[in-house]
Every structure is written in C-alpha cells, then in structure tokens.
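Enquirer: Dumping the structure here so I can ask a few things about it.
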Amino acid sequence: MRETRTGEFRQGWTVLLAATLGTMCGASPLPYNTIGSLMQPLMREFGWNAGDIMNGIMCYGLTGCVFAPIVGALADRYGARIVALWSLFAFALTFAALSLTRSLTWFYACYLLIGIVGVGSTPVTWSRAINLWFSRNRGLALGIMLTGTGLAAFILPVTTVFLIKSWGWRWTYALLALFPLALALPVAWAFMREPAAAAVSPGTDAPPPVKTGLTLAQAVRLPRFWIMMVAFLMVSVAYGGFHTNLQNMMRLKGLSSEAGALIAGGVGLAIIVGRLGTGLLVDRVWAPAAAVPLLSMPAIACAIFMSDTTSIWLIGLAAILLGGAAGAETDFISYLAGRHFGMAYYGRIYGMLYAVFAGGAAASAPIYGYVFAAHGSYTPILAIAAAMFVGGSLLLLLTGRYPTSFPVVRAA
C-alpha cells in the first residue's frame, strides 16, 4: 500500500504542482482576497458604499454559477488542460481591465466577465485532473491542490495593501493580473495533463483512466445530491460575506489596515492547515463525520465578532477558525462529488455543486455589506450565519455511505 501511495505522487506530482498554482492564481481566490483591501480606495475615489462594491463580487459569483456546469462539461469533453489554459489567459486580461474603471457599469461588467471566462481556472477544472491521477491519496491530493487558495489568502491581502500604498489601486489591479498570467499559465502549459491510456505503463501505480460513474441526470435523482447542494449553499452563504467583509469588521474593532491584512494573511495559513488536515482525514474516516466539527468552527468566530471584545488575540482566533473551515469546505465538495457520483461526468456534477457554492458566497458578500449599511453593525447577519454553519454541516450526515461501484461509461 505504501508503494502504491508513493507511486501516485511519483506519477502525478507535476500535475499536482500545476493544479495548486492554478488554484492559487485563478478566479476562485483572487477576487475574494483582494476586494477587502481595495474597498476603501474605491469608496474614497468614487463615493460608492460597501454594498455597491460587493455587488461586483456578486456579479462574478452569480455568473460563475451559471457557467460552472458548462465549463465542467467542457472539461469532461475536451480535458482539463485546454480549458484551464484558455481560462487563465482570459481571466488575467479581464482582471487587469478593472484598472480602467471609471464607473460602476464598467466595474460590474468586468467582474461579470470574470465569472464567464475565469471559471475554468477554478477547482471545477483542476480537481477533475487530480481525481483522475489520484485514487488512494485522493483526499490528500485534493487538499494539497486546494492549499492554493490558502496561499492566496496568505499572500494577497498584504500584497494588495503594499501595491495600493506604492502605486495606487489602478496599478494594483494590473499587477495582480500577473499572478495568473506570468506564474500559473506557464506552469500549467508545461505540466497540466490528464492520464492517457498510452501513458500508463504496465506495473505502474498510476490509476487507470477508466470512466465510471453516474450521469448528471442520474445524480440529480438521488436525495444525497440535493442534501449536498443545500448543505454547501448554507455554508457558502454564511462564509462568503464573512470572508470578504472580514477586514472591515476588524477595522470596526480598531485594527489598522496593516494589522487587518496581517490577520487576513493568517486566515490563509489556517486555510492551508484546513486543506491538508481535511485531505488526510477524508482518506481515513467518513467525510461527513469530519465535516461537522470543521464546518461548524466559524460559528465561534461569529460569536467573537458579535461580542464587544477588541482583543487582537480573540480577533485573530476568530480569523483562524474562519480560515480553518474555509480550508475544508471545497475539499468536501471535491471529495464527496467523486466518491458519491464517480468520475465519468465529474465535471458536470461538480460544476453544479460548485456553482451553488460559488453563487451563495457571491450573493452573501453584498448581503453582509447592506446589513452593515442599514444597521451600522454586522451582528444581525453574523447571528444568522452562525446557525447556517452548524445546520449546513449537520445536513451532510444524511448523505449516507459511499457507493461501492459505478456503471462503466464508454468513451465517445
């Protein structure tokens, strides 16, 4: 078994590297981890409020919801490589175009376009390749891949604040676009591929590229599909606005923008630990049993921010708890989709689940912003979020055991 586990990483480590960097620099973490630092400069220049700015994230996320299943189907048909390469290129150009913002219309149009062209640079595409290359170590490999979002959450807030102070917010958008264009794209071009039958030598440990699994039509007829969808929607609505408004919440607690950015970077480290820890756990225990404590942790963070405390240690703890759960949530989506529905139509099925997750997170961002604008406090929405974190995690217990076999699907 040890040789088999080692063999999977020996065969697929370059693909895992490309997928990790692609996840780090893609359209999943970049908009969310920069908007908090960019909010104040945009408000000062244009007179917009927090809700106006977070509507940009909603445009991105809701459009991504629509296109995630489509991109998943394209990855199933044409492979992850071609979809990821084109998406990274188009996402970089569109993100850079935000530097030309003169109006809310342009601002929203750019984020909307990111939701269309950038979905192929998210885990919708990368996780397909990882699921094909890894079997025994699937949870750990997905966890490593998804540490890319943790690395982004660690690097981007501090980097964004530095760029804004050095060159202003317009150049910040343009320079941040180099992450997908100059870092992720060349590595993906060199290493990203799916296992082909001809590439698997006899006696090697690489899993054979057998296509087994349920169709999307078969999956949606199962209660577990809808249980997963509702559970991840609840968690994403609770989480998305919390994350994007975190730096503003910390400012309300009296922290400077630099201190807030450092703590936000700590969230990134917590995400990395959460990703790896979840990956190791789900390879060894029933995933929903691990999900309940991990996805419920942010309820404690909600309670801390609802309190009157200004302790930087408690605020830091809240951020770490939030990051730990953020490090787990997409791990569970990727892992459970593969285990419950197979790989034949993974892109389509995962795309549907990811679409709901991304849409919930995107819609959540302006909801948090508007609640704050209306009440001068995040307390009402944080109370609701705490209940959603706990309720969503408990729902996953109803998904049942993993199937032991799937129908074989012949390649078209």
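Cβ coordinates are placed from backbone N, Cα and C, and glycine is handled just like the others.
Pulled these features from TrEMBL for this protein:
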type: TRANSMEM; residues: 12-33; note: transmembrane segment
type: DOMAIN; residues: 15-403; note: domain 'Major facilitator superfamily (MFS) profile'
type: TRANSMEM; residues: 53-75; note: transmembrane segment
type: TRANSMEM; residues: 82-100; note: transmembrane segment
type: TRANSMEM; residues: 106-127; note: transmembrane segment
type: TRANSMEM; residues: 139-164; note: transmembrane segment
type: TRANSMEM; residues: 170-191; note: transmembrane segment
type: TRANSMEM; residues: 225-242; note: transmembrane segment
type: TRANSMEM; residues: 254-273; note: transmembrane segment
type: TRANSMEM; residues: 285-306; note: transmembrane segment
type: TRANSMEM; residues: 312-337; note: transmembrane segment
type: TRANSMEM; residues: 349-371; note: transmembrane segment
type: TRANSMEM; residues: 377-398; note: transmembrane segment
Enquirer: For the transmembrane segment (349-371), could you work out the same-chain residues 6 or more beyond its ends whose Cβ comes under 8 Å from its Cβ atoms?
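Expert: For the transmembrane segment (349-371), the sequence-distant neighbours (Cβ-Cβ under 8 Å, at least 6 residues beyond its ends) are 28, 32, 35, 49-51, 53-55, 57-62, 64-66, 68-73, 122-124, 127-128, 214, 216, 219-220, 225, 228-229, 232-245, 329-330, 333-334, 337-338, 341, 378, 380-381.
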Enquirer: Are there at least 3 C-beta pairs under 8 angstroms linking the transmembrane segment (312-337) and the transmembrane segment (53-75), leaving out pairs fewer than 6 apart in sequence?
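Expert: Checked: the transmembrane segment (53-75) vs the transmembrane segment (312-337), no contact.
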Enquirer: Where else in the chain does the transmembrane segment (377-398) make close Cβ contacts, counting only residues six or more beyond its ends and a cut-off under 8 Å?
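Expert: The answer is 223-224, 227-228, 230-235, 237-239, 241-242, 245, 249, 252, 287-289, 291-299, 302-303, 305-306, 325, 332, 336, 367-368, 371.
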Enquirer: State the residues, same chain only, that lie 6 or more residues beyond the ends of the transmembrane segment (254-273) and have a CB under 8 A from a CB inside it; answer 'none' if no residue qualifies.
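Expert: Here the qualifying positions are 33, 36-37, 40, 147, 149-158, 160-161, 243, 246-247, 310, 312, 315-316, 319-324, 326-327.
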Enquirer: By Cβ distance under 8 Å, which residues at least 6 away from the ends of the transmembrane segment (106-127) in the same chain are close to it?
Expert: 19, 22-23, 25-28, 31, 53, 55-57, 59-68, 71-72, 74-75, 80, 83-84, 86-88, 90-91, 94-95, 97-98, 100, 142, 145-146, 180, 184, 330, 334, 346-347, 350-351, 354, 358
Enquirer: Compare 12-33, 139-164, 170-191, 312-337 by their Cβ pairs under 8 Å to the transmembrane segment (285-306) and return the stretch that comes out on top.
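Expert: It is 312-337, which has the most Cβ pairs under 8 Å.
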Enquirer: Take the C-beta pairs under 8 A between the transmembrane segment (12-33) and each of 82-100, 139-164, 170-191, 312-337. Which stretch has the highest count?
Expert: 139-164
Enquirer: Which range wins on Cβ pairs under 8 Å with the transmembrane segment (139-164): 82-100, 170-191, 312-337?
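Expert: Looking only at 82-100, 170-191, 312-337, the most contacts with the transmembrane segment (139-164) come from 312-337.
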Enquirer: Near the transmembrane segment (170-191), which same-chain residues lie under 8 Å Cβ to Cβ, leaving out any that are not at least 6 residues past its ends?
Expert: 14-15, 17-18, 21-22, 24-26, 30, 34, 38, 81, 84-85, 88-89, 91-93, 95-96, 98-101, 121, 156, 159-160, 163-164
